[in-house]
């Protein structure tokens, strides 16, 4: 260390130039840092979406979901396998263990899917979803134009907006939804088909065999190679009309003679409403590991270029923009950071009473932060609430090393004024180098175990620990290199007397400490009494996993009866939106997504709605807070019986679905085989849950209640007329969804070619189905009811599976109490009142599951931290007794954190637990500073009481300064109200409260205990 200091002080110009270079590189690093609201908390995940038109949930599960799951279960390093199966679609999600490469994972899934695809039913399509994460939905807009029909709006989104936005770097997919997808529709006249002797199957096959371009090969023409092909692709409606078919008599007939050709629409799987009016929307999904801010900015730039080209009356209404949340959340933390810096600098000026010395210490903050930005850039950290929050947490500690160095330089300047300035600074810095390094090491050791947290808490708080470690190492580096160089130039060579404030504090402190030492029993009993109070307080402090971040806007998830049709679902949503807008002035606009898009990215049923509620600015609200606003919305929703609803937020919803497959603070899953039994058991669980205090928005996912019409071809009819079930299904589909027989491509626009009955003749009620005329091979016609048995029953509308087991889920939010006590009470109620069928079992997920896992992780980490601290203390003091004294400081520090939580009403959460871990370092560091000084001056004082009082007085300024800077550095976080402040606030409150008691203990109880220990032993 001595050699390094000599080099630094003799090469001052080089050090200053290097410092300037680091600052310049740090500015560039900050500009490169991706900015986001959160770290990437998503697991390595691959998702399969398989569409099976016309198949029921039970059929898809048996024929598609189960075979695929069986194949996927053999992939190594899986964490969990989930699937959701509904009418016409199944979504299978595979989460992999931490550290698995996403490309490897997708390759494995793709290979397994290819291996089983040949055994799956014909007519299905789909595969791997885009390489995104559950949090990749970064930008959503609706498109309105009173001059265009819904079909024209959707066409514009599909073929003008979507292709342009897909070219943006970082965009994985652009999904469109709502309106109508236009088709080229042929409506056959069954009578004309019969007269021509052409069956429906022959007609479809003829079109499919002729509506294509064939690759033939090559031929040589002299020295030229010619590529041969056959052309048959239909280009437009005219080509379709002129297509000729052979009749039974050997003549030809055009398609136009066999029916009507017109524009139609694909069957709809969902819809979109905006403030009660149906519309269309587009959603941008970002690639995994992209810079969200940059992607959104690029999307907006493309939209700005696109808007002038849109038809008159067009309006692109952005109703979700992740960049807005990022900007607000990061602004919250940056404001707290700047406020913390200013407060810390103010404390430095007050305590040092030397403008130049305070300036030298203050300069260590931007230098340490700059080096931290460089380190973040090198390891690939994003600038987000958590990583920047780590810097805010460290702000108060960043100056500790500089304070120790500068204070010793000032002190030695007063005592060794006869030496040259550079030599005094060299001696002063070298004297405290070892304590500075040791103190920094203790703080790093305390926070380092957070890097090994697993699960969601690990992904959230690992960036916090990383930035704190970077910042502390940077502060130590600056204190031992740059600070001495700055001190040579900036700190006055003339000795200055101790500031009057410090003299006053020392005088009063010495008198008070003397009184404490004279009455040891009373003070120790009082201290132990406060510990007992804290122990009682912690038992009354609620426990939860993580405070909920206020994202600004709301989502209301609605679930109606499983058999509701799209038109009725849209109408009900429109009615709700209009009522909410009329009754609640705090709502700015509402955009509701019903069902799913054609890609099936979010496999929702026609009975499910995600209602995005954009709110007015807070200063215009008539209600007091967001909880009151949610209550007002809840009252409106309760006027519509039969609708389940849940309140959430965009990111909160996706995080909950990512972790448990469902939203809600608590998810109770019941596993078993039979759908009816699962449904009835879930209903009983919901009833019990509703009776537990604190439960709100209790919701049971409706897995049964789907209404089915079963059509079974009679065996004798099939044999007599050579009529197959496939042909019968094809005919019936013509009158329901239509038959997709190909696509007509014109330029870049691809229009589906569909055979379908006219809207007026499509089946709309059961009697029409029974009377449906079926053409027979002998040329006769018969009603469907004469050829098949028609029956109705109910079946599953939704089948959810986890690791190949079926389950039903009950979700609930928790209000006015903590999640842990709520679940504990609920578990007791279920144990008393619920009798599970044989083979069925429960699993509790959501916030409770996360909290339990985090608690187990912390119970492992904290003892390791304490053990390492103990080893460091023993190595430092070479005495178990003295090391024990420092350890005795820890419970008093934790006591303040507990009391602070209890007084403020905050719950014991993961952030609060991280605050307690931080207090371990603070308590130990203060104790080490005090006791090492006692040992250093031990030979100067014969009387033990004088040793303790003088030694403690010598360290008063340093301890008060470090404690005050740390506390005030965290005050902006504790008082912040913007998005993201909710997560950091419990940590700040715990550390501030703990610093108060830790500082008191270090200044009074620790000297007292040291005197008592030394009084019993002649030598420690």
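From the backbone N, Cα and C atoms, a Cβ is placed for every residue, glycine too.
The transmembrane segment annotation in TrEMBL covers 325-350 (among others).
What TrEMBL lists as transmembrane segment is 357-376 (among others).
Annotation source TrEMBL lists transmembrane segment at 388-410 (among others).
According to TrEMBL, the feature transmembrane segment maps to 431-456 (among others).
Sequence-remote contacts of a segment are chain residues at least 6 beyond its ends whose Cβ falls under 8 Å from one of its Cβ atoms, and for the transmembrane segment (468-491) they are 1, 4-5, 8-9, 12, 15-16, 19, 354, 356-357, 359-361, 363-364, 367-372, 375-376, 390-391, 393-394, 397-402, 404-406, 409-410, 413, 421-422, 425-426, 429, 433, 436-437, 440, 443-444, 447-448. Annotated transmembrane segment per TrEMBL: 468-491 (among others), in sequence order.
Residues or ranges marked as transmembrane segment in TrEMBL: 521-540 (among others).
What TrEMBL records for 858-875 (among others) is transmembrane segment.
Counting same-chain residues at least six beyond the ends of the transmembrane segment (882-903), those with a Cβ under 8 angstroms from any Cβ of the stretch are 527, 530-531, 533-534, 537-538, 540-541, 866, 869-870, 873-874, 876, 912, 915-916, 919-920, 922-924, 926-928, 931, 935, 986, 989-998, 1000-1002, 1005-1006, 1009-1010, 1013, 1020. The transmembrane segment annotation in TrEMBL covers 882-903 (among others).
If you look up TrEMBL, you'll see 915-937 (among others) marked as transmembrane segment. Same-chain residues lying 6 or more positions outside the transmembrane segment (915-937) and placing a CB less than 8 Å from one of its CB atoms are 393, 400, 435, 438-439, 442-443, 445-447, 449-450, 858, 861-862, 865-866, 869, 873, 876-877, 882, 885-887, 889-890, 892-894, 896-897, 947-948, 950-952, 954-955, 958-959, 962-963, 966, 986-991, 994-995, 998-999, 1001-1002, 1006-1007, 1010.
Sequence annotations record features per position, and here TrEMBL assigns transmembrane segment to 958-975 (among others).
The transmembrane segment annotation in TrEMBL covers 987-1010 (among others).
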Intrachain residues whose Cβ lies under 8 Å of the transmembrane segment (388-410), provided they are six or more past its termini: 330, 333-334, 336-337, 340-341, 344, 348, 352, 354, 357, 360-362, 364-365, 368-369, 372, 424-425, 428-429, 431-432, 435-436, 439-440, 443, 463-468, 471-472, 474-476, 478-480, 483-484, 487, 491, 496, 918, 925, 957-958, 961-962, 965-970, 972-973, 980, 983-984, 987-988, 991
Annotated stretches the transmembrane segment (431-456) and the transmembrane segment (858-875) touching (3 or more Cβ pairs under 8 Å): yes
The transmembrane segment (521-540) and the transmembrane segment (325-350) contact flag, 3+ Cβ pairs under 8 angstroms: no
Remote residues contacting the transmembrane segment (958-975) - C-beta distance under 8 A, at least 6 residues beyond either end: 335-337, 339-341, 343-344, 346-348, 351-352, 389, 392-393, 395-397, 399-400, 403-404, 407, 505, 922, 925-926, 929-930, 981, 984-985, 987-989, 991-992, 995-996, 998-999, 1002-1003
Contacting positions for the transmembrane segment (357-376) when only residues 6+ beyond its ends and CB under 8 Å are counted: 19, 22-23, 25-27, 29-30, 33, 341, 344-345, 348-349, 383, 387, 391, 395, 398-399, 401-403, 406, 409-410, 466-467, 470-471, 473-475, 477-479, 482-483, 486-487, 490-491
